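Participant: The following block contains the structure, expressed as C-alpha cells.
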Amino acid sequence: MSSTMKAESIHHSDGPQKKLNRFNTLIIAFATFGSITYGYCASIIGTTLGQPSFLSYFRLDTAPNAAALSGAMNGLFQAGGLLGVLAAGVVADKYGRCKAIFYATLITIIGAALQTGSVHIAMFLVARFITGLGVGGLVMLVPLWQSEVAPPHSRGLLVGLHGVSILIGYNLSTWIGYGFFFVSAGGAQWRIPLAIQMVPAIILACGILSIPESPRWLVENGQLAKAEAVLVRIHQDVSDVDNTFATLEFRQIESQLAFEKTLPSSWKSIFTVPQYRKRAWMGMLTLFAGQFTGTLVINNYGPTLYGSLGYAPADRLLLTAGWITEGLFANVLNAILLDRVGRKWLMTVGLAGCVVALVGECIMLALFEGTSNKAGQSAAVFFLYLHLAFYGSCLDASTYVFASEIWPTHLRAKGFAISVSGLFLGSLILLVAAPTGFANIGWKFYLVMVVVTFINIFVFAIFFPETKGLPLEEIAARFGDEVTVHFSSDLEQNFNSEPSGVAVRDAPEIVGEKAQTHIKT
C-alpha cells in the first residue's frame, strides 16, 4: 500500500467503495435464512388456525375456551421470543454473532419438530414457546450481524434484506397453508406445513459457522488480524487495489473500540447513562411502534377477520395469502428507499399511513360488518391491504435497520436485544388480547392501535435522529457520544498535517493519541 495515500481520496461519500461487493452481498443474503425462518414460524399459526383438521384435532371448533387457547398459542410464542432475544444479546457478546445464530437455529428446529409431532394441546403450546425462544434470537441476531458487516453507503439496502426475507417466510407459510387446505389426509393438512418450519433453519445451521464473524466483534475480542482480513474480504473492490477503504475502516473501528472500552458496558449502564438510555427507549419504541400498528394481528388472525366479513374458509386463506404477497413487494421497496430517503421520515410516513388505513377499517366495519353489503365488505378488505402497503414499504425493514445501527459496538448486542424486545412486547400485548377484544368489542379494538400509532407519529418526527449513510462508529455523535475518527474530517486533517502525507498504517498511533483526549469520566 502506498505510504502517501491521502485521506481525501477515500471518503465514504466519494471513494471507490460505492459498489456492492459480491461476496459481502452473498453472505448477508445467506444469513437471511434466519429471517425466513422467523417469518415462517411467526406466520404459520395464521393458516394453521384456519385448517379444519387442526381445529377438530385439538377440539378448538367446539371448546368454550377456544379464543383463549388461540391467544395462548400466539402469546407463548411471543413470550418465548422476548426471552430469546434477551438471552441472545448475552450469547452474542460472549461467543460471537455467528455462534449465537447457530444456537438459536438449533432451538428453533427442536421447537418446530415438537409442534409437528404434537398430540395434545399442552404439548403444542410448549412447542410454540420453544420455537419462539429460538426465532426470538434469530430475529435480533441476523440484522445485528448484517449491520456490522454491511458498508455504510448500502447498509439500509443490505440490512433491509432482513425485512424482505421475513416477508418471504410469511409468504411461504401462507401459500403453503392455503395449498394444504385442500389436502384431505387429516393431520397432513397442518403437520406438514408445521414441519417445513425446520427447512430454512437447517440450511442456516449447516452454513452459518462457515461465513465470516463480525469484524467489530473480532476487534472487540482482540482478534485484530482476523478482523482486518474479514474487512478486506467483504470490501474488496477492483477499483481499490490497495484495500484502502477496508484498512481505514479497520483503523476507525479499532480506535473507536479502544475508546469505548473505557466506557460503561453493563446492562445497568444502558438505563443509567443518558446517551444509552436515549438509545434504549428509541430502539425499543421503534420495534414496539411497528408492531402496535397491528400488522401481526391482521396476519395471524387474518382468516378470522375475513370470516367476520362473510368470506368462506378457502377465500379467507386466499385473502390472507394475497395480503402477505403484497407485503413482500412492499418490503423490497422499503429496502430500496432506506438509503435514498433515510430512516426517520420514512418510518414517520409509514406510521401516518397505518393510522389512515386503520381509521378507514374502523369506519367500514362499523357500517358494514355483519351486513350483506359486498361493496362495504370489499372496502374493509382494501383498508387491510392499504395498511400493509404503508407498513411494508416504510416501516418493516426500516425498524430493524434503525434499531440495530444506533448502538455503539461495545453495547450493540445488549442494546439491540432491548430494542427487539419491544417487538415481542408489542406483539404479546396485541396478539393475546386480540381474540377476546374482537369477540367483545369488535372493530373498536382497532382504536387501541389507532391512538398509540397516532402518538408515535409525533414522537418519531420530533425526537428521532437521521442515520442514513453514516458509518456505525459515527452515528454515536448523533446521541452525544465522542467519535475518535471521522473519515471526512479527522483523518483528512491528520493526513494533510504531514508534509508528505501520513501512511495509512500509521493512523492508529495518531487516532490512539487523539482518543485519549476524548475520554470522559
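Using N, Cα and C of the backbone, Cβ positions are placed for all residues, glycine too.
Below, the features straight out of TrEMBL:
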- 27-468: domain 'Major facilitator superfamily (MFS) profile' (DOMAIN)
- 26-46: transmembrane segment (TRANSMEM)
- 66-88: transmembrane segment (TRANSMEM)
- 100-119: transmembrane segment (TRANSMEM)
- 125-145: transmembrane segment (TRANSMEM)
- 157-178: transmembrane segment (TRANSMEM)
- 190-211: transmembrane segment (TRANSMEM)
- 280-298: transmembrane segment (TRANSMEM)
- 318-338: transmembrane segment (TRANSMEM)
- 345-368: transmembrane segment (TRANSMEM)
- 380-403: transmembrane segment (TRANSMEM)
- 415-439: transmembrane segment (TRANSMEM)
- 445-464: transmembrane segment (TRANSMEM)
Participant: Going along the chain, which residues at least six beyond the ends of the transmembrane segment (345-368) come within the CB cut-off of under 8 Å?
Facilitator: 286, 289, 293-295, 309, 334, 337-338, 376-377, 379-380, 382-384, 386-387, 389-391, 393-395, 398-399, 402, 442-444, 446-447, 449-450, 453-454, 456-457, 460-461, 464, 466
Participant: At an 8 Å Cβ cut-off, counting only pairs 6 or more apart in sequence, do the transmembrane segment (445-464) and the transmembrane segment (280-298) clear the bar of 3 or more pairs?
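Facilitator: Contact confirmed: at least 3 Cβ pairs fall under 8 Å.
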Participant: Please work out which recorded stretch in 190-211, 318-338, 415-439 has the most C-beta pairs separated by under 8 angstroms from the transmembrane segment (157-178)?
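Facilitator: So the stretch in question is 318-338.
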Participant: Tell me, what is the mean pLDDT of the domain 'Major facilitator superfamily (MFS) profile' (27-468)?
Facilitator: 92
